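What follows is a set of notes on a single structure, which appears directly below.
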Amino acid sequence: MAVNYAVLLLLVLYCLLCRADKFEATNFTVSGAEDAKIGTDVLSLPRLLGTEKAELPCAIVEGDPYGRFYVSNNCTVIVARPLDWSVQSEYLLKILVGGQEDPDHHVVRIRVNVRNVLGYPPVYNKKCETPVNPRGNLSGEFLFSLSLSVEVETTEGDVFFTEKIINKPFEKWDMDDLKVIITGNDNCEVRIAAGIRNLNDLSAAAEIWYGFYRGEDGTVTLSCHAETAFIQSELSIMLLDIREFHIHGNLPYLEQLEIPIPQVLEKLQHSLFIYFLSFNVPTNSRTHYTCKLPIQHRPLSFFKDKDHSVTRLNVRHVETLTMDLSRIGCAPDRYGLLCDQNCICKNGARCHGFNGACKCTDAWQGVACDIPKPGVSAATTPSDPSDIYISANVTVHCKVHHVKATTLSLRLPNGSEIVRKNSSRLDQILLNVQPTDNGPYMCKVWDTYGKVFNATVVLDMAKCPPNRKGEFCDETCDCLRGATCDWRSGCVCPAGWTGTRCQTTCPNGTYGERCREECRCRNGASCSPSDGRCTCAAGWYGWQCDVPCPQSRHGLRCQQVCTCKNNATCHNVDGTCTCVASWTGKNCDQVEEQEQPMRPEPLLEIFVPIGSVIILAACVGAILYRKRHLCGQVEADLAQTVRPGWLSRWGKTRRHLTLGPLVGMGMFGQVIQAKLKTPAGNITVAAKAVRRRDIQCYRNFYREAAILVAVHEDQHHDNLRSNIIQLLGFINEPTHKYILMEYASNGNLLRLLRQARRQVGPQSLPRHLRYAVHIARALQELQRLALTHRDVAARNVLITAHHVAKLADFGQARDVYTAVQYVPNDKHGIEQPAKPKDNVKNEVFPLNWTALESLETGEYTCQSDVWSFGVLLWEIVTMGQEPRYHGNDQPTCQQLARTLRRGIRLRRPPKCSVEMYDVMMSCWRESPPTRPGPDEVEMKLVHLRNAMITVRETTV
Ligand code: AMP
């Protein structure tokens with residue numbers, strides 16, 4: 001007997017050493033890991049019993065009701081179905097060895113202990129559930145699809161864009177050999193180590209390896225970041241030279257992996273480079289990552305395959321790289337990143353596309369949901385609680401599984417009970433459910449052995465029927481864009497949409513869910529309301545469209561080649577050339593001729609003075625002739641535009657005014673410093689009179705009067721806070737007509753800027769920006785009053801003694817409801833909107849301050865004032881330079897409109913910060929509604945100015 005035991009002990013030892021990986025036998029007790037693969041040997045009875053008869057018939061006669069094991073012909077016990085420690089950790093198998101006829105037949109009892117394995121079985125994590133892809137088997141797609149988009153500047157000065165969707169394995173990928181995939185269980189994390197052997201990929205990896213600076217951990221790392229209202233997710237790709245491992249003996253990243261380093265290296269040992277990819281399974285159906293590359297220190301050279309011909313792409317730098325990770329899902333019976341694993345889930349269980357975990361239905365349990373779960377289940381129809389609402393009809397089901405029920409009962413929240421005898425199912429319909437029906441519904445079953453099982457489902461339906469909202473469900477949602485209707489908050493809009501019914505896109509400058517993100521697109525780029533991606537205007541590229549095309553390229557996506565010669569600079573937007581000295585012509589390829597003083601023809605010399613005199617005489621005659629008509633016209637204008645009774649409220653007499661020196665000349669008016677006698681004493685005022693006694697001047701004069709009265713008689717107007725020049729009164733006598741205004745002793749902003757340029761230089765920008773902030777406030781006041789100024793420019797901004805900027809010269813202003821100025825069209829006898837005349841030059845019409853749409857249609861709005869405000873900013877930054885689009889040539893109105901339509905804008909002045917230029921460019925957006933409002937501009941300027949002051953303070 002002792003000998004037998006010794007033999008057995010030896011056998012057990014033998015089993016420990018040579019048995020299949022997962023099981024080791026002890027003295028009639030074997031223990032094995034729960035993650036043993038199907039087919040793994042548990043034990044060999046002939047060996048255990050010391051018999052040589054391999055063909056002994058054996059059979060399990062007890063202890064394995066659910067067929068976890070089976071015995072092979074040679075009497076070896078093998079794992080037949082997945083084990084699960086949490087369901088059954090011990091099996092007592094009774095095995096009949098030898099057939100009934102065999103006189104030696106006997107029963108062997110074997111205890112199989114199932115060992116718990118950490119991280120097994122995989123967890124079904126609902127958070128990273130992936131869809132089922134019904135066409136997956138045919139299309140051979142991945143669980144995810146990765147869409148890459150990249151913008152690079154080449155060494156030749158081209159900008160190269162490419163977009164690639166990777167949703168299937170490339171043919172050349174030998175994925176099995178080269179990759180190790182480590183997937184987290186409950187944190188939805190994926191980590192992949194992929195070795196490279198393919199020659200092309202090797203050369204690309206080498207370029208990246210040697211072209212970028214390596215981080216402290218010895219890797220070249222690309223980190224990508226996704227940020228939306230609900231998730232923040234990181235994706236990183238690291239490149240590693242495997243030789244580093246051999247040199248240093250450790251790899252920090254590999255150490256973080258949960259599987260031992262040698263295992264990874266063994267798999268990847270024949271690769272020179274390894275890519276490590278890690279990311280979290282996107283919770284959204286699509287996650288958009290923007291990636292940050294390490295610093296590149298030399299150009300990279302890649303082979304690019306196009307139409308079966310290989311070309312080289314020399315990358316000077318990578319400007320943008322984005323990745324979109326979308327969940328595609330595997331075919332119903334597949335899982336894994338490559339959808340190359342077979343699901344084991346049975347009995348209607350759902351298989352997790354990510355790690356193959358099974359989500360069992362109520363009646364089943366175990367790793368593969370193939371072990372019956374005796375008891376009862378409680379459920380409702382509709383099954384999704386979000387579909388249960390007040391007044392709906394709901395059915396509660398009690399269902400008995402794998403037991404013979406003697407009694408089945410359902411207890412309702414009100415305490416009543418429904419009982420069925422010898423029934424395996426009970427369905428209770430609840431009609432027109434009300435909040436009083438809320439609560440637990442408990443199903444209970446007694447089996448034939450008196451054992452009791454129970455299960456509960458809870459009703460909690462404080463919700464309205466579909467498309468209804470409000471406390472009493474009496475409001476309708478009627479959501480658009482596929483939005484869902486929440487009974488409390490109404491329509492829950494998809495990203496990019498807002499409004500009570502999700503009927504409007506995000507307001508300009510915002511994007512994302514609930515429009516909570518701020519767009520960062522610059523230089524007239526449009527911003528996708530759903531994900532904030534920038535679509536650059538001509539001449540720009542990069543993340544935020546803030547990178548001008550390389551020197552030799554221009555236009556949309558920088559795809560046009562510049563034709564400028566002889567060191568000329570090429571405009572990034574339209575490719576126009578700015579020649580260096582002594583060159584001229586469209587392409588700066590013609591030598592400039594020295595200007596010769598022009599000698600007038602002798603005949604002209606004689607006739608020009610005579611001609612001038614005749615023309616002058618004719619003009620004087622015409623003016624004298626029209627003067628009578630003029631006054632009638634003016635009075636008519638006046639009566640219509642100025643509020644009734646205005647004179648009694650604002651009228652002053654000439655006697656009270658003592659005129660002083662002339663302080664300024666405008667286009668239509670002249671301004672005189674004067675003293676006005678008031679009950680409180682004499683005050684210094686600015687008295688504005690018409691410059692010439694012509695219809696145009698009078699029109700402007702009365703318009704200014706009308707607008708200033710409208711501003712000052714508004715109930716919200718506050719003289720102390722307003723940034724609109726203060727009106728003090730009118731003198732409207734037949735020969736003396738004056739608008740009396742507060743006197744701004746520091747004169748106009750343009751003069752101040754030009755003076756400052758000569759004296760203090762551009763470091764005074766924060767001081768002058770303060771004035772811009774004031775004018776943004778003035779525009780807000782005008783916007784509130786639905787007035788347009790139409791000539792916002794530095795020359796029309798006055799600076800008071802207390803250094804407050806005030807908007808003045810309202811001669812062009814109108815209310816927005818009569819925004820289109822109509823003039824008679826002689827030819828057709830009908831009225832046409834007045835447009836700036838095509839040949840009108842800058843001296844008579846502020847073309848270069850005028851918004852694109854105003855140039856084209858003659859229409860002015862508060863947004864067209866914002867455009868002019870952008871030009872005013874430009875004037876401030878350039879310290880009073882004249883805004884010009886075409887060098888010294890002043891284009892006609894139509895030419896300028898065409899230029900602006902092509903996306904050309906005033907250039908960024910030297911030393912103007914990107915952020916500041918960004919504000920200007922936003923004011924010059926082609927579509928008026930997409931321009932910021934004056935309040936938004938004010939906020940941005942205050943922010944910029946504060947930043948400037950802080951920087952200056954910290955650097956001093
Ligand atoms: P305007 O016709 O309003 O453009 O005025 C012409 C010029 O007169 C301005 O550029 C200022 O230099 C000066 N001016 C106008 N209004 C005032 C004022 N209220 N106080 C001081 N100077 C003024």
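Cβ atoms here come from the backbone N, Cα and C positions, even for glycine.
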Looking at TrEMBL, which one of CYS536, CYS558 makes a disulfide with CYS545? CYS536
Check TrEMBL and name the cysteine among CYS493, CYS515 that pairs with CYS502 in a disulfide. CYS493
Between CYS570, CYS588, work out which one TrEMBL annotates as bonded to CYS579 by a disulfide. CYS588
Nearest by CA distance to CYS502 (disulfide bond): which of the recorded positions is it, out of CYS536, CYS579, LYS688? CYS536
Given a Cβ distance threshold of under 8 angstroms, which distant residues of the chain, six or more beyond its ends, lie next to the domain 'EGF-like' (516-546)? 151, 159, 228-229, 288, 290, 319-320, 322, 494-497, 505-506, 509-510, 554-558, 571-574, 902-903, 905, 914, 917-918, 921, 924-926, 930
Residues that sit under 8 angstroms from CYS536 (disulfide bond) by C-beta distance, when 6+ apart in the chain: CYS521, ASN523, ALA525, GLY542, CYS545, LEU556, ARG557
Local confidence of the domain 'Protein kinase' (657-949) - pLDDT mean: 84
Tell me which of the disulfide-bonded residues CYS493, CYS579, CYS588 ends up closest to LYS688 (ATP binding site) in space, Cα to Cα. CYS579
At the Cα level, what's the spacing in Å between CYS579 (disulfide bond) and CYS493 (disulfide bond), rounded? 53
Taking helix as H, G and I and strand as E and B in DSSP, count the residues of the domain 'EGF-like' (469-503) in helix, strand and coil. 0 helix, 11 strand, 24 coil
Mind tallying the domain 'EGF-like' (516-546) by DSSP state, helix then strand then coil? 0 helix, 8 strand, 23 coil
State the three-class DSSP label for CYS579 (disulfide bond), counting H, G and I as helix, E and B as strand, and everything else as coil. coil
